[in-house]
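Annotated transmembrane segment per TrEMBL: 74-98, 129-147, 159-182, 238-257, 293-312, 567-589, 624-643, 649-668, 689-708, 745-764, 809-831, 869-894 (among others), in sequence order. Under the heading domain 'NADH:quinone oxidoreductase/Mrp antiporter transmembrane', TrEMBL lists 124-397. For 608-673, the entry in TrEMBL reads domain 'MrpA C-terminal/MbhD'. Sequence annotations record features per position, and here TrEMBL assigns domain 'MrpA C-terminal/MbhE' to 692-762. The annotation domain 'Na+/H+ antiporter MnhB subunit-related protein' is assigned in TrEMBL to 811-933.
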Amino acid sequence: MLPLLAAHVVLAVLAPVLIGRMGSRAFYVLALGPAATTVWALAQTDAAMRGEVAQQLTWVPALDMSVTLVMGPLQWLMTLVVAGVGALVLAYCAAYFGEGEAGRGLLAGTLVAFAGAMLGLVWADNLLITYVFWELTTVFSFLLIGFDPAKRSARAAATTALVVTTLGGLAMLVGILVLGGLSGTYSISGILASPPASSGALSAAVVLLLLGALSKSALFPFHFWLPGAMAAPTPVSAYLHAAAMVKAGVFLVALLVPAFADVPGWRELLLPLGALTMLIGGWRSLRQYDIKLLLAYGTVSQLGFLLTVLGLGSQMTAFAGMAMVLAHALFKATLFLVVGIIDKHAGTRDIRKLHGLRHRMPLVFAFAVLASMSMAGLPPLIGFIGKESIWAALLAVATEGDGTPLRGWAGWAVVVALVLGTVLTVAYTLRFLHGAFWGRGPADEDTPCTHVSPRYWAVPGVLALLSLGLGFSGAVLSEHIWPYAEQLEPALHPEELALWHGVGGPLLLSVLATLGGVLLFLGRKTFGQLQGALSFGWSAERAYGWSIRGLERAAVETTGLAQRGSVAIYLAVALVVVVAVPGTVVWTVEQGGGVIAYDTPAQLLVALVIVLAALVTTRSRRRLRAVILVSVTGYGCALLFLLHGAVDLALTQVLVETISLVVFVLVLRRLPQHFTDRPLTRMRYWRMALATAVAVVVGAILTAATMYRTQAPLTPELVAGAIDFGAGYNVVNVTLVDVRAWDTFGEISVLLVAATGVASLLFIDTRSAGIRRVADIPYPKGVKKLPSQPGRRAWLPAPRTLAPENRSILFEVVTRLIFHPMLLIGVYLLFAGHNNPGGGFAGGIVVGLALVVRYLAGGRYELDEAMPVDAGVVLGAGLFVAAISALSPLAFGGQVLQSFVLETDVPLLGHVKLVSSLFFDIGVFLVIIGLVLDLLRSLGSGIDRHIRREQRQREEEAAA
C-alpha cells in the first residue's frame, strides 16, 4: 500500500516532465498508477473481505501516531471507485486536452497527487493521518478548480471551495481530538471496536466530525461551493465531484456509522440536512440551462440522498447506500465526461443552443442514455437495483424500525422526502437528455459539431457499460458489500441486490417516483413559472458572501484599531501581557527555598557590567552607541555562561551577538545618527515603568524556576542520553541534532522563511539578479586597461571597485590572512561539535563572519567573489540535506531522524567514528551560511546599490 502511494507521488512529480516530452499521451502513462492500484485491489479481494490487508509504519510513537493502512470491505469498494474511475479519467484527459493547451503538466501532476491523497484517506487507520490526507485533498482540489488563474470565476470558485472545506476540516480536527481523548486512541479500528460511552462530549465530537463530512460532501448549508467548482476542466469535475473529493464525506459517514449511529446528534443532523439537500439540489437543477451546472446541482442532490440513507444506521440502509455510492460514481462520471465531449465538439453547454445531437453523436447519446437511466433508477442498470434496495430498507425502518428508533412518523417522513427528491431526480435527468440531445433548433437544424473520435467516447462507454453490467450482477455485488454491512445490527429482513424482488412496496415507490418525474418534466413550463414565483431572496451563496464581506470589514476595523503603525506600541502591548499574565501567576504562588545569588565574585562583576551597559544604553542619544552597548550586555551573558562552565553556550552567544551587531550596523547606515526627541517626558516615564516591570517579572520567573524545583535535575540523564542515544559527549549539540532534531528542523525552516522575507523587501524578482563578478564589470569609457605587472597581485580581487577613500590596505591584508583560517575553523567546529564545543550552527556563523569580513573589506563585488552562489541555493541545499538525513534511516528499516554510528580504521587517520546525525548538522551548517549570505546581499549589497543609485540621481540633478 505504501509503495502504491509512493508511486502516485513519483508520477505526480514526473508529470510535468512527461507532459513536456510526450504531450497529452503522457496521461496514459500517468493512468498506470491508479490502474495498478485497481488491479492490486481486485487481487486482494478475498483478503480485504476478511479485513486482512494492512501495513504499518511507525511515525511518532509518543503521540500514538503510526502510518497504519488498512483495506477492509468498505475501503476495498472505495479503492475501486477512487482508483478505477481515476485511471479512466486520466486516460480521457489524453483526448480532452489539446497539445497546445497550457498548464497540462501542472494539472496532470495535481490530479495524480489528488488520487494518491484520496487513497491515503481511504486506507488510513489513524484519525490524525486521515486528517492529513483530508486536508491534502482540500489543497489539491483548490489547485485543480483554479486551474485557469486568468479566469476570475475559477479563482473565486477555488477560493470558496478552499474556505468552506477548510472550515469544515478544522471542525473535524477538533472532533478528532475530542474523540481521541475520549477513546484513549486515535486508531480508527480501535475506536470502532470499542467506542467510548455515550456522553455530551461524545455527541459534540461526532457533530464536529459530521461538520467536516457535510462541508466536504457539499450538504446544506455548504452545498453552494460545488456548483461553483464547475469552473474546473470537465475531467476534473468528473473525478472530484463524482468519484473522489465529495465521496470523502460519504466515506467518513459510512466508516463511522456502525459505532456512532445511535449517538445523540448523529441522525438529528444527517437526516434533515441530507433530505433538505436532496430537495434543494433537485429544485435548483431544474432551473439550469448549462448542462454541466445541471449535473452539478444533481450531484448535490445525490449526495444528500446518499448521506441520508447511510446516516439512518440500519444494516440494510448501510448495505444499499454503499451499492448506490458505486452506482453514483459510475453514472455521474459518465455524464460529466459526456458533457466534456459536447463542450469540446459542439462548442457550448447551453441547452437552448443544443439541438439534435443524438444524430451527430449516436454512440455518445447511447452511453448518456444508459448513465441517465441509472441516475433515474431505471432497470436494468445498477442505479435501479441500488434504489430498489434503498426503498426496501426505508420501508423496513418506517414500519418496523429495523434497528433504529425511527419507526413511525419519523421513518415515513424520510421516505416521503426521498421519494420527492427522486421525483426531482427523474425530472432533471430527462431535462439533461432532452436538452443535450433531443431539442429542436429554430429551423429543425441540428447543432453543428465535429467528429467524435473513439479516444473521446471510449472512457464514458466503459463506465456506462459497467453500470449496465453491474445491474445484472446483484448477487456478486451483494457478496462483496455485505461484509461491510455486517458490522451493524442484523436486519430484520436482509435482501440481496437483484433486478426483481417481485411486486411490493419498493417497486411501487420506484414506479411512483418515475411517473412523478416524467409528469414533472412534461409540465416543465408550468413548474418553471412556479419556481420563478417561489424564488427566495436568501440563499447560502449570498449568506457566504455577506459573511466574507463582514469578516473582511471586521478585519479592517480591527487592524485599524490595533495597528497604529508604531512598533513601540506593538511591543508595549506584548510586554504588558507578559507583566499581567505570568507576573500575576508568579506573585501568587507560595515562596520556595533560598536562592544562591552568585558562585564567584567574577559573576557579580560581570553582572554589574551588564547592568551598567543596559543603564547607559537607555541614556544614549546615538543609535550606534546604543547598539554597541546592547552588544556589551550580550557579550556579558556569554561570559556568565563561560563562568558557569557552559562553553558551548558561551561560544554560540558570542557568535550570535557578533553577527547581530553586524546586521545592526548595516541597517543603521540608512537611519539618522541620533534618536528623535520623542517620546515626550511622560511617555518616557511610562516606558521606564514598563521596562522595570518586565525586568522584575522575568527575574521572578527565573528565580521561581530555581526555587520551586520538585524533582532532581536531569543533568545525569541528559549526559547519559547524549552518549547512549546520540553517541556524543557534547550534550548541547547532541540534543539539537539528535534528541530534539524535529525542533531543530522546524527552526532552520523558519530561518529560511525569515531570510526569504528579508530578501523580498529588497529584491523584486530573484536574489541572484545582483550577483556580479569583478571580471564582468566593464571599464569606464576612456579609461585604458593596463596589463598587470608580473609577480604583483592584489590582496583582494574586488577593492578596486571602491572609491579610494573607502579602501583600507591594512584591512585588505588582514582579510587575506584570516579568511581561509576562519573557513577552516568553521569546518572544524562543524565536525568537532558532536563531542566538543561547536556544531553546525556555530561553524556556519564562523563561515558567515568570514564572508562578512570579505564584504567589509571589498564591498559587494568582493562578497560575490567570495561566494558567487545564490543564497537561496545554499539555503535550499541545507534544508534538503537535513531532510534527506532525516528520512534516510527509513531506507534501512529505521525511524525518521534515527542515528547510526559507523566506526572503522582509516589509513593515516586511525580509528574514525562517524555518526549519521553529522549530515543533519551539515544541513544546519549550510542553512546558517545561506542565512548570513542572504542578509549580506539584502542589507549589505542591496542597500549599497540603493545608496549608489541615489548618488547618481543627485549627480545627474546637479549636472542638469
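Using N, Cα and C of the backbone, Cβ positions are placed for all residues, glycine too.
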Checklist entry - Do at least three CB pairs under 8 A connect the transmembrane segment (129-147) and the transmembrane segment (238-257), leaving out pairs fewer than 6 apart in sequence? => result yes
Next on the checklist: Between the domain 'NADH:quinone oxidoreductase/Mrp antiporter transmembrane' (124-397) and the domain 'Na+/H+ antiporter MnhB subunit-related protein' (811-933), are there three or more CB pairs that fall under 8 A, provided the residues in each pair are separated by 6 or more in sequence?
Outcome noted: no
Checklist entry - Counting each residue once, how many in the domain 'Na+/H+ antiporter MnhB subunit-related protein' (811-933) are helix, strand and coil under DSSP? => result 88 helix, 12 strand, 23 coil
Checklist entry - Relative to the transmembrane segment (567-589), which of 74-98, 159-182, 293-312, 649-668, 689-708 accounts for the most Cβ pairs at distances under 8 Å? => result 689-708
Checklist entry - Could you give the number of helix, strand and coil residues in the domain 'MrpA C-terminal/MbhE' (692-762) as assigned by DSSP? => result 57 helix, 0 strand, 14 coil
Item to check | Structural state census, the domain 'MrpA C-terminal/MbhD' (608-673) (DSSP three-state) | outcome: 55 helix, 1 strand, 10 coil
Checklist entry - How does the model score the domain 'Na+/H+ antiporter MnhB subunit-related protein' (811-933) in terms of mean pLDDT? => result 86
